Amino acid sequence: MAEEAAVDSGEKRLNELGYKQELRREMTLFKTLAISFSTMTLFTGITPLYGSSLRYTGPACLVWGWVVVSFFTWFVGFAMAEICSSFPTTGSLYFWAAHLAGPVWGPLASWCCAWLEAIGLIAGIGTQAYAGSQVLQSIILLCTGTNKGGGYLTPRWLFLLMYIGLTFIWAVLNTFALEVIAFLDLISMWWQVIGGTVIVVLLPLVAKTTQPASYVFTHFETAPDVTGIKSSAYAAILSLLVSQYSLYGYDAAAHLTEETKGADKNGPIAILSSIGIITIFGWAYILALTFSIQDFGYLFDPSNETAGTFVPAQILFDAFHGRYNSSAGAIVLLFVIWGSFFFGGLSITTSAARVVYALSRDRGIPLSSVWRRIHPRHKVPANAVWLCAAVCALLGLPILRINVVFTAITSVATIGWVGGYAVPIFARMVMREEDFSPGPFYLRRASRPVCLVAFLWICYTCSVFLLPTAYPISADNFNYAPVALGVCLGLIGLWWVLDARRWFKGPVRNIDDLHSNGGDAHDSGKV
């Protein structure tokens, strides 16, 4: 009995589900929260899409859009927290989908969910690498004299090298011991909280003039001459993309549940806490940037100090140069923002590798025996890490030729990542309540309504990221996400129909000696 009592509640739940403990279970709630918060990140979602969203409709839709998206995000978060409490496994969404869908549909559900999530996470690494390179490009330009002063604007080939370099560094760091990753993510959380607070408070104080509240909260202004979009409603839909792109990634806590103490309780807490923190800080960051705008039209001018490439960088420059006749303050704050991208990419690499590892463990990916290997010393899925890094690097190669790489990668990341949420949430919504074995976090009668709203919101989110973002459509502004996703999902679907459905059964047990109690409720969903 003493030995039974010493078993972690999350590990006991894992054993009941048919898995043995392989990864080190040493993360506390705070460390798990740090990684989850780092994956969502305060700056990395808002910063790269702020300028385009501002141009579509002006400040009002951007500011209030964050509130609207945050509201619906809570429904998704509550639905996922309930499921995470019941299934604290590294495979998370993939595992949830298999067990919630039951023995008939479980294999297909887990197959779709796993590949959507893998595609979304790997593309998510690319979004961090691209946007991080974009911030670094602005830092280099301001440090060398600005666009007007003969500063150095990095060419495409160097931009690509920065992109690949960041991906490589994240892969190297993810091959070290788990303690190193957790420590860096702990730094990341404080980096973003302290850095975010400094920017939110300092930027409006430094700016020589600030916009009135009536402008920030009520001004609506479309730009059909630039975007080609004449419909105000369509422009408003596109202006919300920055919020929809920023407010996901909270499932990172679920990916680490096999490494978290008391994961059946701490996993849901980390998911919901991450949403709460990012909701408040994100809105404050948007308000700080918007109140500090000096000249709306000048932000997008190709002849301005940042070459019109990065609106937040121009806002920072205008504030500090206008007050102190120096860009030093703007450079420092851009470095803080760049650090957020660096830590965010590191966390997403961690999550992506865990998903690839889980899928490989259940033989759902080619060469599974290679990608599921655990490093004998560091106890991390090192091969899966490098697979993710290699695919991410390949995604960046079009940077050399086209200008809409970030639009495509962002759309693929969002649709894949958020689309993966939809599968287990839908399965939870339609399953019989008596077949669900709840964990400590249980929504009871509210579960189905919450899941319904969450599922519909996810469907809407995925749909809008497939829309054209400018008119008339040309090779320079075409949203390639539908093509890229169509090819990937088409091949994966074809593989399923022709071959995988015959042998893929979803999550595969790796333990024979199950606990005698607690497994029956889950057996109805085992595949």
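Placement of Cβ uses the backbone N, Cα and C atoms for every residue, glycine included.
For 29-51 (among others), the entry in TrEMBL reads transmembrane segment.
Marked as transmembrane segment by TrEMBL: 63-81 (among others).
According to TrEMBL, the feature transmembrane segment maps to 157-183 (among others).
The transmembrane segment annotation in TrEMBL covers 189-207 (among others).
Feature annotation from TrEMBL assigns transmembrane segment to 269-293 (among others).
Annotation comment: TrEMBL describes 330-359 (among others) as transmembrane segment.
The feature transmembrane segment is assigned by TrEMBL to 380-400 (among others).
Taken from TrEMBL, the feature transmembrane segment covers 406-430 (among others).
Within the chain, the transmembrane segment (450-473) has long-range Cβ neighbours (under 8 A, six or more residues past its boundaries) at 52, 72-73, 75-76, 78-79, 227-229, 237-238, 240-241, 244, 407, 410-411, 414-415, 418-419, 421-422, 425-426, 428-429, 443, 479, 481-482, 485. According to TrEMBL, the transmembrane segment annotation covers 450-473 (among others).
Annotation source TrEMBL lists transmembrane segment at 479-498 (among others).
Contacts between the transmembrane segment (189-207) and the transmembrane segment (157-183): absent, as fewer than 3 C-beta pairs lie under 8 angstroms at sequence separation of six or more. Count of Cβ pairs under 8 Å against the transmembrane segment (406-430): among 63-81, 157-183, 269-293, the largest is for 63-81. At the 8 Å Cβ cutoff, the transmembrane segment (330-359) and the transmembrane segment (157-183) share at least 3 close pairs (sequence separation 6 or more) and count as touching.
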